[in-house]
């Protein structure tokens, strides 16, 4: 049955999965560090949040670079246009990477601006 | 698991037409006989997507009208200050039911209903893969929904607002049955929505016409695929939430009672983790319909089609990060709120991509001003305004200012009526000709649009101002000297004008349906497959697709399909059939036999609805009778399925012969089970979240007067669960070894596995009993008990499934050619094992991490 469905699905949605991982990781990290049992005067620790953001941005940028290269090669390769699915997935990865980067950057901005558990 | 699909399938589709002329005598008659739909009162036993789709749409529109009448009652009450038309208590029920019915009984069902009706035609399939499941989902919704609505007439309707926040809805402040009706009714209706979503996902992935790759799939199908997946992940949160609140109300398990360590905010998290994606679950199908209609009315392909698909997927992702933007005044940390605020703005980007693509398409084409066009233009205007105020309320200080005021009421009506109701009306103008070939009146359409568009803006635009002036939502009246009088009167006048537009539409629709039917044709010169000649079996032959706009790029397609020149031009087995294709490249894999009409789905749905609703009013005996009827009906329904196919192969074209039926990972039921287990795991994750959330409010975990079970018991339980799964795996292998030798062993291995599972649960239960678990004393203990109870529910379900499987095996119905019951039970079994182990780990790890 499978025509590499899950691999292709993962390929197309990987940047958005990175965004989702980053978003929920920073949210849960802050929530945990600010909970009554774990709270400290330094909470939330911005270094951990910044590291997560840098990792997520790096992953999105890498995926965008790869998708860009694939799209550029695909544009030269007319045969790929026939069934459209490969180009759709390449576009999904590229477009998803742009949107995911935007999402990660916007999510990270508050980390630079807000201190404490408030 | 190996599928019964040979390796010799063609890797490429033929370039010539698949089937030649002349077609054999009697072929069409055989197809018609297989798909003949009963008439008269037996029509209600029909299960095909056309019948169920129309019933579903009609019922959803009935709820739209009923909820609209409730809205008019509210506006009549608020037309003038100090009004006494409705009492405060009645007003509470009316606004709660207005919101609940609009969201749960109209908005979600109508988008699923339209998909049930349209998608098989649009994908070139004969039907969805589980027609009886569609019928069950519809009847459960219709019967449960109507009974739920009737609670208004007995004064028992819910009155805590459509999002039912505790502590207001806890037993202390809502001692009556009103809240229980909401919790059991809505939880049950959501299960019906999930059944519909599973059907749609599997249908979209596996029943597309040959050649309709993911790249060529209609944008509407993409939208429904994204929505189906969103339902799978979003709805479990509300099912878990309603279960917890009902457990608190019925058994005093204090999940939301702060005095005993509970937290009302937990409900808000669970509700909005469902509630915010729901907004997009409602909007995305509408966006998919818009992306289908706009190229037709502009006469040009959709601009940025690929980018729109990417945007749909991105909206699906982003929407899950927005739940807490409904909770900006609930006391969350500023940093957490800021993350959600940022995500709320990020979601505007992919939404705007779609909007700009639609505008560009209209710009590039030649637009014909017709009924659908007017509603689509109205949609864009209203939705953009709603989107802009959405960005405004995503800004924290502004949100704090307008929270729970009429500004928010205006915002979400602009989003929901603009984003969903106007596109649905455009869709009705566009697709109603499919029903009997007649279009709605164009002159009347202009009146309908003028009344609805004008009335809507007159009703809801002033609410922005009343909100900014400080009028809170949900007040049943207001003093005359607050400066809100004129604005409220204008809103009321607008609401009645809007209603007049809807009434005029209904009258025109009735007039149109009474006309003599005629050939449907392709009145809008559309590009998508639903405009092919169609009967109850949909198309005479299943088309071979080579384009994203098949009716534009394959001009002879309608005649070819009708002449039987494409795939499966008849019924190979004499039964209802469709072609299953691969999920990405849509290559034909095998022929799937579909179940035929039956009363059992209706009986099962009536029994299920009766069980939930009668249990609410404490008519326990009759409720259990209904429950038994439901279980019996489902067992009879299932018993008729999973039989060896009547023929082994079917010739679906001149050169292509496909196997009939498939097993294991190739079977749609296997995929449906996997999706159901994802839903199940999401519900479980919600319970785990509840446990973590409650634990994180503690300074010491476990709290005083509570204790963890001795680790011996979870270890023992985990070992028994693994042993049970291993025995079940052996049972499956006994079928693989050979039908003769393996069959007698299977039931005994299954029963041994069941004994292990039962013993595992007993160990868990005993461990917590010895630790003195008392769910009513503390929220933490209640959260542990909820995890234990959820595992117990699964063990009970597995026991039923195991006994059913044994009965089938003893009756000779479990063979290598009919093993779906075995394979699907195996999936559920192993999932229950994993869930049991995960529950034990979660219960013990959280206190350890908290020190």
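Note that Cβ sites are derived from N, Cα and C of the backbone, with glycine treated the same way.
Annotation comment: TrEMBL describes B:35-558 as domain 'Cytochrome oxidase subunit I profile'. For B:52-74, B:219-245, B:309-328, B:340-362, B:412-432, B:444-469, B:599-615, B:621-639, B:670-692, B:712-732, B:744-762, B:782-806 (among others), the entry in TrEMBL reads transmembrane segment. According to TrEMBL, the domain 'Heme-copper oxidase subunit III family profile' annotation covers B:588-848.
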Cβ-Cβ under 8 Å with the transmembrane segment (B:782-806): same-chain residues at least 6 beyond its ends: 243-244, 247-248, 253-255, 262, 631, 635, 638, 680, 683-684, 687-688, 690-691, 694-695, 746-747, 750-751, 753-754, 757-758, 760-761, 764-765, 768, 773, 775-776, 814, 821-822, 825, 828-829, 832, 835-836, 839, 842-843
Cβ-Cβ under 8 Å with the transmembrane segment (B:670-692): same-chain residues at least 6 beyond its ends: 1, 129-130, 133, 194, 197-199, 201-202, 205-206, 232-233, 235-237, 239-241, 244, 255, 266, 269-270, 273, 664, 780, 783-784, 786-787, 790, 794, 820, 823-824, 827-828, 831, 835, 838-839, 842-843, 846
Residue numbers, six or more beyond the limits of the transmembrane segment (B:621-639), whose CB comes under 8 Å of its CB atoms: 132, 598, 600-601, 603-612, 614-615, 800, 804, 808, 813, 821
Most Cβ pairs under 8 Å with the transmembrane segment (B:444-469), selected from B:219-245, B:309-328, B:412-432: B:412-432
PLDDT averaged over every residue in the domain 'Cytochrome oxidase subunit I profile' (B:35-558): 95
